[in-house]
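Participant: Sending over a structure as structure tokens; questions will come in a sec.
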Amino acid sequence: MRRSVIIGSLLATAAVGYAIYFDYKRRNDPHFRKTLKRRYKKVHEAKKQEEKLATKKFDITVEEALQVVASTPVPSSAEEKELFFMQQVARGEQLFQQQPDNIKESAACFYSALKVYPQPVELFAIYERTVPEPIMNLLRAMQAKESIPSVE
């Protein structure tokens, strides 16, 4: 017990000593302050760049999912639409359970089902309660992207 108390107190003293040294250098050494600012800016820029890439990747995923939905043929009769709806919802759930990382295909299935459902607002409310959050975020983005008219 005595040895562990001595080692613990030495480590605590070293940590406090380093904190005091760091604070002294930060306050009194202009070169050290510049170095800290450069590091902070570098980390901040890297974080911004990473966020831009993530946003761009998400937008590409939304576009690809909308292309999958657009290429899916939509049935015309009510019975076929009902069957199509049930198949797409089941397939979306199955895809997410089998491959949780691959949300694009699952979201495309859920969105295809949403497009043929007679009351899409109610179905979207049901999706918000039952569908996992990553897929729901993709569905929201798909709906927003599709509702905005494109200028061509």
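Just so it is clear, glycine is given a Cβ too, placed from its N, Cα and C backbone atoms.
This is the feature table in Swiss-Prot:
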type: TOPO_DOM; residues: 1-4; note: topological domain 'Mitochondrial intermembrane'
type: TRANSMEM; residues: 5-22; note: transmembrane segment
type: TOPO_DOM; residues: 23-152; note: topological domain 'Cytoplasmic'
Participant: Within the topological domain 'Mitochondrial intermembrane' (1-4), count helix residues (DSSP H, G, I), strand residues (E, B) and coil residues, in that order.
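Facilitator: Helix (H, G, I), strand (E, B), coil: 3 helix, 0 strand, 1 coil.
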Participant: Run through the topological domain 'Cytoplasmic' (23-152) and tell me, per DSSP, how many residues are helix, strand and coil.
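Facilitator: Per DSSP, the residues of the topological domain 'Cytoplasmic' (23-152) fall into 109 helix, 0 strand, 21 coil.
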Participant: Please work out the mean pLDDT for the residues of the topological domain 'Cytoplasmic' (23-152).
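Facilitator: Across the topological domain 'Cytoplasmic' (23-152), the average pLDDT comes out at 89.
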